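Contents: one structure, followed by commentary.
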């Protein structure tokens, strides 16, 4: 049992030093706080030798009380004694301070102190009290009031705890043995400075052989190499902390650490099968998806991202493939139109490669895989195809009704080569100038055509298959009406010409012009002449030079008339 005194004892308590030395106490009063009495000798090594005639002073022999005392009787704490006490009951001891009279009681005659309650060091570790001694007869103090401390001595009554548990931790899969995962720290409410009550040792109760724990530091480490997340992802590791340095009888507490193996790219992509087949109709639209393919990757996140490509030239020329980031599928699209009659099958060599590689795990590769996709082109009943994208035809105006203008041709592109029929779409025009032979595609006139009225006609011809009339094709046809000389020239009708009587002979008094509704490739030329059968007016002459009208003499009547007759010439 340890004995102690406080450093605040007054100098009259020097007898305590002797008592402590006799009891082997480990706590001494500091030398600078104690006055050397006359009956003491200070030795060369700094110690003092107590003589056998001590001064009056307090004497007590215990400063500790054991916590968690169990029993019907009060626990003995210690004894106060004054040198003035002759044992005749004339001295009365008084106790005051923390817990005096309730937790701690004193026998006023003997000075014995007892604890009446079970104390908990973790709630209060020490109590400060004061002692006094009085003469029972005179009520005069025999000693000055002195302060002392009663410490509650620790026992191992608290188990280690993990107040923040359970815990969550993570470590990359395939980590090497000894990789640090997490550190746990247990707390113990017992006194860490006294004995082993708070000295904790860690051990693993659950989680072997995958993990280990350092018994002193609580650091959890991997204990098994090549732990694979794809085989097992979650581990519940139970760690125990035991006090008393782990010895028998120590108290223990435990906690759980939920450890997750995080993903690394240690798995290459794999196609579930090596050969696939896909049906694509020849009517599939260019640029639109026609199918999909997917390689599986057991990794997660970026470690499972796959880039697809078509690695053979035949497949890459007709198809493209792109990765859907959400589904990680390869989406196959058409680059060029399909034609069942030209090519019925295509073979695609498709490769899937991980986008993010980790050199540390390159030995597990290669991180890619290939598969063969055979695409079968489906035959589709297609509409007729015209021999030209558009037609231009011509016919002379005033041709007889029923005259052939031209012909269109269309064929069934399918292998069955169904017969084709032709129609003119009359919904675009109210006037029906043409019709078409439904079997031959020959276009003929239904009305007389006048170039001066309508030089061009635009029609639409429809072709349909006999076996499937719902399949239609359309082609534009432009008909040009060619000109013939079917319109006489017309003289411009100006106002009457006024000529002064003083006009000299041969003077040009008017230039005559004419127009013609017909169309000539190189323009129009006209000849002018005075008409026969009409009386000749001797006052005027007509020169066939752009229709110049002249006076032949200097005399002009009050008025004169002349008729002109132009005729057209085509070159």
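Each residue, glycine too, has its Cβ placed from N, Cα and C.
The domain 'Cadherin' feature in TrEMBL is assigned to 82-162, 163-271, 272-386, 387-491, 491-551. The signal peptide feature in TrEMBL is assigned to 1-24.
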**Request:** Work out, from DSSP, the number of helix, strand and coil residues along the domain 'Cadherin' (272-386).
**Result:** 16 helix, 53 strand, 46 coil
**Item:** the domain 'Cadherin' (163-271), counted residue by residue under DSSP: helix, strand, coil
**Value:** 3 helix, 45 strand, 61 coil
**Asked** Where DSSP helix means H, G or I and strand means E or B, what are the helix, strand and coil counts for the domain 'Cadherin' (387-491)?
**Response** 0 helix, 47 strand, 58 coil
**Request:** Run through the domain 'Cadherin' (82-162) and tell me, per DSSP, how many residues are helix, strand and coil.
**Result:** 0 helix, 40 strand, 41 coil
**Request:** For the domain 'Cadherin' (82-162), would you mind checking the mean pLDDT of the predicted model?
**Result:** 90
